[in-house]
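Summarising the annotation, Swiss-Prot assigns NAD(+) binding site to 11, 12, 317. According to Swiss-Prot, the substrate binding site annotation covers 153, 154, 155, 199, 212, 213, 235. Summarising the annotation, Swiss-Prot assigns active site, nucleophile to 154. What Swiss-Prot records for 181 is site 'Activates thiol group during catalysis', and it gives sequence analysis as the kind of evidence.
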C-alpha cells in the first residue's frame, strides 16, 4: 500500500480520488491527505456531486478535520505554502501535484523538503524534472532516484501511444494535429477579461482557438520525432471528452485495413487497457468516464495516396488522465523499491 496526498482538489484532483475508489487499485493506493484552499463544505459537495461524472458511489461526509469515505479518514489541509505541509509526519510516498500552477522542479521540491518521497505532476512541466512519462510508452525510464516526475498532458497521453504504434510498423515521417478539446475552467462563462483575447469570449458560444505545446510534448516522449509534428487546438462548447484529428505521412505504403488492423492489435496486446479501438458509430459523450488514454475510431480512418493517413482519436481528458496518474504512481514506487 502506498500513501499519497493530493495537492490541489480541482477537476483532476477530484478525478484522481474518484479513480482510486472506483478501481482495483484501491488496495494498493491510500489517499492520506488533500491540501486545498477551498472550504471543506465545498470540497465535500463537489466530491459527492459531479456534473460530468455523476454522484459519488460511496457515502462521503466531514468531521472537524477529515473527509470520511467509507472507513477512510482523509485529512483536509488548507496550506498555501507546500513547504509547510506535514508530509513527513504523514509518511507520504507520493504527492499528486494537481494545482495546475506548480510545474517546475524548484516549486515541486517544496513537497520533498516537507517530507514527501516523490512528486507526480498532473500536467506538463519544465524540462528539469527527472522524467516525463506517458504510461504504456516510456514508464521503463523511471529510476529509483527519480523524485519529481511529470505525467505529461491528457492530449499527449492520447496521441503518443498511437504515434508510437504507427512509427514502429510504418515509420512516421511527419504529422499535423488538431485537438478538439472540451471547454476548461480557464475560459469565461460570459465575455470577461483574460490575457488571451480569444479566451475573453464566452466558452459556451464559440469554437475558440488556443495555444498548444502538444507537438513539443510529443518530442519529449519520442525524441526522434523532433520537428516532425505541428499542432493546433480549439476549445468547443462541451464540458468533457476530447477528439484529436491526427494526420501523419508514413514512409511505407498502407491502406485503411492495414492501419486499422495494426492499431486494433496494439489495443489487444501491449496497449491493452491504455488504448482502445471501436468501429461503432459513437459520439463524444459515449467516451465520458472512459479510463483509457485513447480510443481509435476505426470508422474515421482515411488514407490518401497510400502514405497520408488521417485518424480520429477520442479520450476523456479528465478520467483517462486521472487513471494514468494512478498507473504512473505505481510504476514510480516499483522503480524506487526495485
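Keep in mind that glycine also has a Cβ here, set from the backbone N, Cα and C atoms.
Positions of Swiss-Prot features highlighted on the structure.
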{"residue": "11", "record": "NAD(+) binding site", "CB count, 10 Å": "23"}
{"residue": "12", "record": "NAD(+) binding site", "CB count, 10 Å": "26"}
{"residue": "153", "record": "substrate binding site", "CB count, 10 Å": "22"}
{"residue": "154", "record": "substrate binding site", "CB count, 10 Å": "25"}
{"residue": "155", "record": "substrate binding site", "CB count, 10 Å": "27"}
{"residue": "199", "record": "substrate binding site", "CB count, 10 Å": "19"}
{"residue": "212", "record": "substrate binding site", "CB count, 10 Å": "19"}
{"residue": "213", "record": "substrate binding site", "CB count, 10 Å": "15"}
{"residue": "235", "record": "substrate binding site", "CB count, 10 Å": "22"}
{"residue": "317", "record": "NAD(+) binding site", "CB count, 10 Å": "24"}
Cβ packing number for residue 181 (site 'Activates thiol group during catalysis'), 10 Å threshold = 22
Note = Pairwise CA distances across 153, 154, 155, 199, 212, 213, 235 (listed as binding substrate) top out, in Å, at 20
Inquiry  = Return only the integer: C-alpha distance in Å from residue 155 (substrate binding site) to residue 317 (NAD(+) binding site).
reply    = 7
Ask   = Using Cα coordinates, what distance in whole Å links residue 154 (substrate binding site) and residue 317 (NAD(+) binding site)?
value = 5
Ask   = Once the DSSP letters are reduced so that anything not helix or strand counts as coil, what is residue 154 (substrate binding site)?
value = helix
Note = Expressed in angstrom and rounded to a whole number, the NAD(+) site built from 11, 12, 317 spans a maximum Cα-Cα distance of 10
Query = Quick one: what's DSSP say for residue 213 (substrate binding site), helix, strand or coil?
reply = coil
Ask   = Using C-alpha atoms, which one of the binding-site residues 12, 212, 213 comes nearest to residue 181 (site 'Activates thiol group during catalysis')?
value = 212
Note = Looking only at the binding-site residues 11, 12, 317, residue 213 (substrate binding site) has its closest CA neighbour at 317
Query = Which binding-site residues from the set 153, 199, 212, 235 come within 10 angstroms of residue 317 (NAD(+) binding site), judged by C-alpha positions?
reply = 153
Key: CB-centroid shell, 8 A cutoff, NAD(+) site 11, 12, 317, site residues removed   = 10, 15, 154, 318, 321, 322
Query = Do you know offhand how many angstrom separate residue 235 (substrate binding site) and residue 12 (NAD(+) binding site) by C-alpha?
reply = 18
Request  = From the binding-site residues 153, 199, 212, pick the residue whose C-alpha lies nearest to the C-alpha of residue 11 (NAD(+) binding site).
outcome  = 153
